[in-house]
Every structure is written in structure tokens, then in C-alpha cells.
Amino acid sequence: MDNDGTIVDVTTHQLPWHTASHQRQRAFAQSAKLQDVLYEIRGPVHQHAARLEAEGHRILKLNIGNPAPFGFEAPDVIMRDIIQALPYAQGYSDSQGILSARRAVVTRYELVPGFPRFDVDDVYLGNGVSELITMTLQALLDNGDQVLIPSPDYPLWTASTSLAGGTPVHYLCDETQGWQPDIADLESKITERTKALVVINPNNPTGAVYSCEILTQMVDLARKHQLLLLADEIYDKILYDDAKHISLASIAPDMLCLTFNGLSKAYRVAGYRAGWLAITGPKEHASSFIEGIGLLANMRLCPNVPAQHAIQVALGGHQSIEDLVLPGGRLLEQRDIAWTKLNEIPGVSCVKPAGALYAFPRLDPEVYDIDDDEQLVLDLLLSEKILVTQGTGFNWPAPDHLRLVTLPWSRDLAAAIERLGNFLVSYRQ
């Protein structure tokens, strides 16, 4: 009705939003900064798996290191402590994390031989290591800065480097040498724009545990070129046989080193998202960078508080992971079965993992003519309802590897690898 009392037909009266609806709608595209950001562990093939599950199919997920679905439960003492702490975990904490948890991190590394001393102000807690990696690279990198990352790698490092405007540069690890980093290749990749060196040890996806000699050579190169050291050591307690883990910071007490670790794997609480970052070495020339990490920590307000209460009891209590990796332990048994069964498949070879939760088998190109390993993974999913991840998803340059987690029960793991072998016998692209 108009002001003069006349009834208006709203079906023909041109209202502003009515006119706009006849115009071309504005498109909202993905940001250009995501153009080079990939995370194939939960990529397109994972979406196909979700569709199959919705249709009622049972999918054996060997694509992600998530212990809980395979019957690996957190120690009871961790669960009890979190439940008891819930009434006190309703508000925000300090942006770096609660003091008791940060003290527990400091105490943990006092027991690591040669690890440089640091205090609670050098510790940042995070919603898993993943958040802390992203924060660190956002605080560090300007457009075009280069970060040396192993190939194969845990792809979050490459994705987060690209997201921060940096350029990931991959140095090769040598399969013939147990997946140890190729020092000559690493040195050849260093340029004036190189800012940091990422070391993933024990390695995901290969399971390699780096020798003291290799780590020393890597540190020597970083020292020569004044590179920041970024040490991803989330699997440092998941070691098999006589493997010994050496923390990178312990070899480089004179260098700025950021060590990343957390509860997700060794303490089987991946869903809690409880990680930490410890900064060691001389900090006087990195105050602005560290201030940037603090700024980003403030912006996210704080890590989730209930999970922070798991850190002190986890680090100070019985280390139950040892029961799983020593002789008779479930993780060791499953590692052995995966390695043995994979090497029994004609044309497939696998370096024996010395740590972590994965196998990274090679498909001999002389036997398997694979041009597209993502298509191979999709075809395996559709045929066998087994979900793995293609090797190129870990920034390996050739389509000749797969990554499988070794978390399923031995019987299920052996059956899955047997089905993989049967599938490969007749597979053609």
C-alpha cells in the first residue's frame, strides 16, 4: 500500500532486490593463494570413499595415521585427567598455553641427551602440530622465500609454505640408502632465497630414522648458509628394533631450531589436537619472527583448553607406547606383517620402516606401467574398497609409490595387502 492508500501489486513493483535478481550473480572463486596448496591425504579420492561409505560400503582406510579407529585407545590416566579438569577448562587460557603443560614440555626435553635448555616462555601449545606449522611459516615467510622440504614429505609442510607465500623446494631422500636424505641434492637446492630447512624425523611417509652422520651433515649445511631449522619429530617415540632417534636441536645448540611434537601419535589422542613447539638456540636475532608467532597465537586466542590438560599427565606418566613397539607389541607386529607381505607381491619392494606408522612401497615401473598414481589409488578403492594415498601426494616426483598406514590389526592388514597384490596382477592403465 502506497502512502496515499493505493494497493500496490508487489509482483510487478520493482523492488531493489527484485531488480538485482535479474542481474548476473557475482561469482565467489577460491582465493588465488590456494592455487598451489594441496593435501592429497584427504583429497579427491577421499571424497569418493565418503560417497561409497554413504552408499553402505565398508572402506578400509589405510590413508591416514589415525590410531583410534583401529582400536588404539588413549591411556586411561589421560582420559581421567581430562575429565577431572573439565570444570576448570571452560575459559580461555594463556595464548601460549597453560603453564603446567608448558612446564611438562620443558621437563620432557631435559631428559633428551644434549637437548639445549629452554624455558616455558619458549613453548607454544597448539591445536595439534599442524596449527603450529602453519603459524610458524606464516610468521616467517615473505613472498618468494624458499623452504627446503624432504621428498617424500608430509604434505602439510609444502602446502603451508605455499599458503604463506613461500616456495617449497624439495630435496630428495634416497630409497637405496634407507630413505636417508641425499646431502648432495640438498646442498644443490640451496639459494640466496633459502630461509629454512625442514627435517621430518622419524619420517612420514617412509618410516626412516635419520642417522647421526646424516643429521650432522644437514646441520652443517644449515649453519653454513644460516638457515632456520624446523624439526618435525611427532614420531620420536615410535621406533622399532634398535632404531635410535636423535633430536635435531641436540646437534645444533648454537642454531635457532624449532622442534614440533605432540600427543596425537604416541599417546593415541589425535582427535584432541594437542601439540607443542619448543624454540631453542640463540633468539636475539629472531625476536621479530618469534614476536610474529606470538601475534598469531594471540589471534587464535588459545589452544583448546581441555586437551592442554592431557599434556602434563601424558608426558609425566607411564610411556605406554613402549609396550606397543617392543617385541610382542602390536605396532611392531603390524609393521613386520606389512613389510613382509608387501615384499611378497611381485614387482613391489618396500624399505623396512624403522619408525612411525607407515609403509611406502615402490611399484617397479618395469612391471607396472603406471602413469597416474592417483588414478591407481581411485581404481583400487572402487575395486577393493581399500583407501591408500598415492606417492605423488607426498611430493615424490614419480608415480611409482603408495603410502599405507600399518595401524589395522594384523589379520586385516595382511588381508588388505593380499587384495592389493591380487588387484595389481591384472591392473593396467
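Each Cβ is built from the backbone N, Cα and C atoms, and glycine gets one as well.
The L-alanine binding site annotation in Swiss-Prot covers Gly65, Asn204, Arg403. What Swiss-Prot records for Lys265 is N6-(pyridoxal phosphate)lysine, and it gives similarity to another entry as the kind of evidence.
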> What span in Å does the L-alanine site cover, taken as the longest CA to CA distance among Gly65, Asn204, Arg403?
Replying inline: 11
> In Å, rounded, how far does the Cα of Asn204 (L-alanine binding site) sit from the Cα of Lys265 (N6-(pyridoxal phosphate)lysine)?
Replying inline: 12
> Where Lys265 (N6-(pyridoxal phosphate)lysine) and Gly65 (L-alanine binding site) are concerned, what is their Cα separation in Å, rounded?
Replying inline: 8
>> To see if you understand the setup: which same-chain residues, six or more apart in sequence, place their Cβ under 8 Å from that of Arg403 (L-alanine binding site)?
In response: Asn63, Pro205, Tyr358, Ala359, Phe360, Val388, Thr389, Gln390, Gly391, Gly393, Phe394
>> Under DSSP, is Gly65 (L-alanine binding site) part of a helix or a strand, or is it coil?
In response: coil
> Which residues in the same chain, at least 6 apart in sequence, have a Cβ under 8 Å from the Cβ of Gly65 (L-alanine binding site)?
Replying inline: Asn204, Lys265, Ala270, Ala356, Leu357, Tyr358, Val405, Leu407
> Counting across all protein chains shown, how many other Cβ atoms sit within 10 Å of the Cβ of Lys265 (N6-(pyridoxal phosphate)lysine)?
Replying inline: 24
> When a 10 Å sphere is centred on the Cβ of Asn204 (L-alanine binding site), how many other Cβ atoms does it contain?
Replying inline: 26
